[in-house]
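Participant: Quick one: the structure is below, and I'll ask about it shortly.
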Amino acid sequence: WGLFLLAAALGATAATRCPAPCVCDNLRAHVLCLNGSLTAIPDTIPELTRKLDLRGNSFMVIPAGAFLATPYLTHLDLRHCKVERLEEGAFRGLGRLVYLNLASNGIALLYQESLDGLFSLQQLILEGNRIEEIQLGAFGHLASLSVLDLRANALVYLPDMIFQGLQVLRWLRLSHNALHVLGTEAFAALPALRRLSLDHNELQALPGKALARLDGATRLDLGHNPITYVAEEALAMASLRHLFLDHAFLQDVAPDAFARSPQLRILDLRENQLQGLPPLAGAGGLVRVSLDGNPLLCSCLLRPFHKWLARARVQAEGACAAPPALRGRSLNSLKSPEMRCSRLQPPPSPTTPPEQPSSAGSRQCPRGCVCSPDFHHGSCENRDLREIPRDFPEDTQLLDLRRNPFRTVPPDAFPGLKELVSLHLQSCSIRELQPGALRGLESLVYLYLTNNHLSTLAAAAFEGAPQLAYLDLDHNAFTRVPADTFHLLPNLISLHLQHNTIRELVEGDLAGARGLRWLYLAGNAIRHIAPAALAPTKMLEKLQLEGNHLSEVPTAALRGLPALSELKLSRNPIKHMGDGVFLPVASSLQHLYLDNMGLEQISRHAFTGLGPKIRSLYLESNKMSNIPDMSNFTGLEILNLQDVPFHCDCQLLPLHRWINKLNLCVGATCGSPAEAQGLKVKLSTAFQTCPGWGQGEAEETNPNKTKAASKPSKKKRLGKSPARGFSKSRA
């Protein structure tokens, strides 16, 4: 009765108050204002609204008290709304809100009171913003929060007690940031945390002191960090069961590295530089060690580890890289006598850490800057400096010079910093990197030049920085890719050139970028990609081209990219899609983004070659009325068909049948004919008069009628469904 009164009240109110660009579902108390031109939160949203979806608008700022008129909200979606600032008290009054999604915006700073009033909030999604700073106390009012997603931001360090107030948080996601320093008490206020994701950051050592505060955490993701060594008793996490240290730079692990994590069951060390491991003392509960992708030397030096595996009954995954006679042999298949040593090889010895760097010398910290000898971290952020300061300690590994008006980076700007790994020069009004600017930075891996005024790059600017792997040039003034730059960067993995004004990609633009894996070109003005423009990047895995001016799929340019797994073409004005447009990457493609393009027609054979490997397909917010057969997409985990005006006649019957078999929420609705408009394709009765509508559909709509005949065997019921997982699109 209460729900009936709520729906009735909302219906009466919505009839007169539903904002013009929005759609109000009175019965479910939902309001949708998608992909519009709203620049302010509408003040005429029905008061009793419970779910409000504002994706794809242009709010820029969420002012204080923006939602005071809708105090009954439980779900609020503000993705892709160009939000740059959350004023203090922005969500005040939303005491019933349990889900808040602010992903894919431009937020750079979380103020102390930005999230005030959200004491019932359970999920907070801030993925894909530009958050560089979180003020202490920002999460102090979120006493019910269980999931905090801060992936893909610009966080460099976490101060002590930054997460204070999150007493019931269970999963903290910090992947894909630039984290280099963690305060020893950074996680001290998280008693309920069970999972911590720190992968894809810049941690150069296991942050053992910070992690020791997480007594209840059972899973820790630290992969894709430049960690070279795991020291003695480096990890003291009493409940840890799953540890991921894959794709790092590990060269050695101490024998008792995990002795203080007695519950450890799974240890993932894939794709490192390990030639072997010692017996892991104290890791008595270990069940599996993954060593695939390491250059394992299966000589007598590996015998102690091999014997320990058998004695402790630990399963090992990995294969020998040497000697030649054993190359390719799995660890589990080896016999001790086969692992021989030549006369030139030394006998096994206890693991010792890599040689430590020499003393930092007598250098102090430049005036006005802050240097942390414990973390090898220097910072002169926002000090109104006109010239780059010198005389930082020689063992400095991270240097933060953001928000200073340098305008130019002169030759030899960073003398003596041979150990510098990460350099932050964002928002420094830089117009030029002079030749030799980075000379001497022989350990530099990360260079951030976001939000400057660069329009060209001299190749000689990168001379002397051969280890550079991550180059971020987003939000500059490039009108073309800075060609001839990459020959001096043989280790470049990731290149960001988003939100510039690049108009085309031509042959030679990426010459020398042989190891490039991730190329980000979103938000430019690209109209054309030459067939050979991407040819040098044969290892490319991720290509993001969303928000450009492409009028067709660049099929010819995709040839020769055998590893491409993700392709984003969202928000390009591609109206028609012809046959076989993805055929060059059909054998590797897993994630395909074709949303918000105004797509009107997809050819019957457009997806030729694509099939079970496709895991996610985004087609929402387009204009086509039908889509080709995708029945062989058996590996789908995400399929988004929202806001597509499907014409629900007999030609759509195959899609209707296929959707009914999927264990996914796809959001497909009928746009026509008039009698079916707004109905779910999955549930529409418009197909019941179609030729071929038969016993199968009858059983789906009336399962009780043929329950005995249609009941599957127990084995089939427990088998793998055609597509699994939870779709990001909601019906």
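Along the chain as shown, the residues are counted starting at 1.
Just so it is clear, glycine is given a Cβ too, placed from its N, Cα and C backbone atoms.
Got these off TrEMBL a minute ago, pasting:
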type	residues	note
COMPBIAS	345-356	compositional bias 'Pro residues'
DOMAIN	294-342	domain 'LRRCT'
DOMAIN	645-691	domain 'LRRCT'
REGION	337-364	region 'Disordered'
REGION	693-731	region 'Disordered'
SIGNAL	1-15	signal peptide
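Each of these features: where is it, how hidden is it, and who are its neighbours?
Facilitator: Secondary structure of the domain 'LRRCT' (294-342) per DSSP, as helix, strand and coil residue counts: 22 helix, 10 strand, 17 coil.
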Participant: Could you count the residues of the domain 'LRRCT' (645-691) that DSSP puts in helix, in strand and in coil?
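Facilitator: Tallying H, G and I as helix, E and B as strand, the rest coil: 19 helix, 8 strand, 20 coil.
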Participant: Where does the mean pLDDT land for the domain 'LRRCT' (294-342)?
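Facilitator: Mean per-residue confidence for the domain 'LRRCT' (294-342): 90 out of 100.
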